[in-house]
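Noted in Swiss-Prot for the protein shown:
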- 169, 170, 171, 172, 173, 174, 175, 176: ATP binding site (BINDING)
- 362: site 'Required for activity' (SITE)
């Protein structure tokens, strides 16, 4: 009997010794009111700003307004599932999304959940979407080109890795087309891409995803979608989700391109959210912190120095203007935050100039620092020549008596504008662009009529990609980043030959109607008037 008592006593002592009382503490509040996707909650006294809270029926919300009596919560789920008196508890966490290689070639919503029907995302790493931007001492100057594949941009408005370049213009002027062409052009260049669709039609996003799949560009791209049918809170967090996915790649020393399409709708979503939360409205009913909304987002784009991995995020925010008014509130805000803008103009678009980039209004504050030596050597005064052309064009409308110099400027400018026309989804490498522009710089295209300039461009690309000599020169330019004197001379001869070949194939070509080749290219025997 005594032995049994001793055994029982030992068991009790052992259990007391190993007893671990776990207290499950959770701060729980009650829903006071609900409406328009906003819940007013009481009892969450210690909730933090931007913390995720969980309602009954597993509906999630974001704590945005922290007041003395109540907390304003923006809902991510169906507000019809919540009613007054329902309980709500803190999660103790801010919004986190999956990041890493598993996100590539996937289409996700603003919470990082897959919506492409390809099954769950197998990512072991999560990252918070609200972070501070990299500090000053972690950054490096922008001096490497990010090739868009668009002649008008790469030659006159160069974009560098780590830059924030705004694409701004009226609706239906080709802003998204520029962004998608840039994504397609990153194929084989070891640049990851994140496309964030904010407030876009689902049919439009589906077309974009299909095109990226067709071109093989989805292999290195993640698409984040907060469509027009999504709630304001989901549209509000979408760009932060996109840049968080990009930051993971940047931290690994990789280069990333992020496109926000578009931040006008993002600002409207934030305005809607703020007004529903009864925050005081400011100019155009936007809240007072709408500038910070975009600056904190765009400052997360950077090029890091080697100590921090040497990766970069290049941001292409898109802004839609009304009737070309770039002096409105949101456009001026984003212009002041970014490192330049690509301005698309409706009149250019309607006249057939595609992409409809207004070279005069567009600017890159990084400039030629983001260009290869090959491109720098041939661009020269191209932008100035087009500015002179536009100025002369305005004067030419008032009179027909023009001197020879003015006629030459007008003819040359018209040919350059024809040269920078480019079909969508057909990017051109910077090496090929540089060679094409030699013909402009050296005035070799003088003898080619404006209507045949596109043929000149096509023949140059064909020469560089098919001709044995051309392939060697193209390879040298890509590898070395410069055009040697020897190669430059060879290219001049090849371009003269191409232009003469085009001219000889034009029926009823009259050489007297066009300027001749510069003297250094003229043979002792005059060029035949074919």
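The backbone N, Cα and C atoms fix where each Cβ goes, glycine too.
From a predicted model like this one, the values you see are computed outputs, not experimental measurements.
Excluding 169, 170, 171, 172, 173, 174, 175, 176 themselves, the residues of that chain whose CB lies within 8 A of the CB mean position for the ATP site are, in sequence, 320, 344, 346, 349, 356. Nearest by CA distance to residue 362 (site 'Required for activity'), out of the binding-site residues 171, 175, 176, is 175.
Within 10 Å of the C-beta atom of residue 175 (ATP binding site) sit 27 other C-beta atoms, taking all shown protein chains into account. Following the DSSP three-state reduction, the secondary structure of residue 176 (ATP binding site) is helix. Counting Cβ atoms from all protein chains shown, residue 173 (ATP binding site) has 27 others lying within 10 Å of its own Cβ. In this structure, the recorded positions under consideration are 172, 176, 362, and the one with the smallest number of other Cβ atoms within 10 Å of its Cβ is 172. Other C-beta atoms found within 10 angstroms of the C-beta of residue 171 (ATP binding site) number 11, with every protein chain shown included. Cβ neighbour count for residue 169 (ATP binding site) (all protein chains, 10 Å cutoff from its Cβ): 29. Cβ environment of residue 174 (ATP binding site): 344, 349, 354, 355, 356, 424 lie under 8 Å away, each six or more residues apart in the same chain.
Just so you know, the Cβ of residue 170 (ATP binding site) picks up 18 other Cβ atoms within 10 Å once every protein chain is counted.
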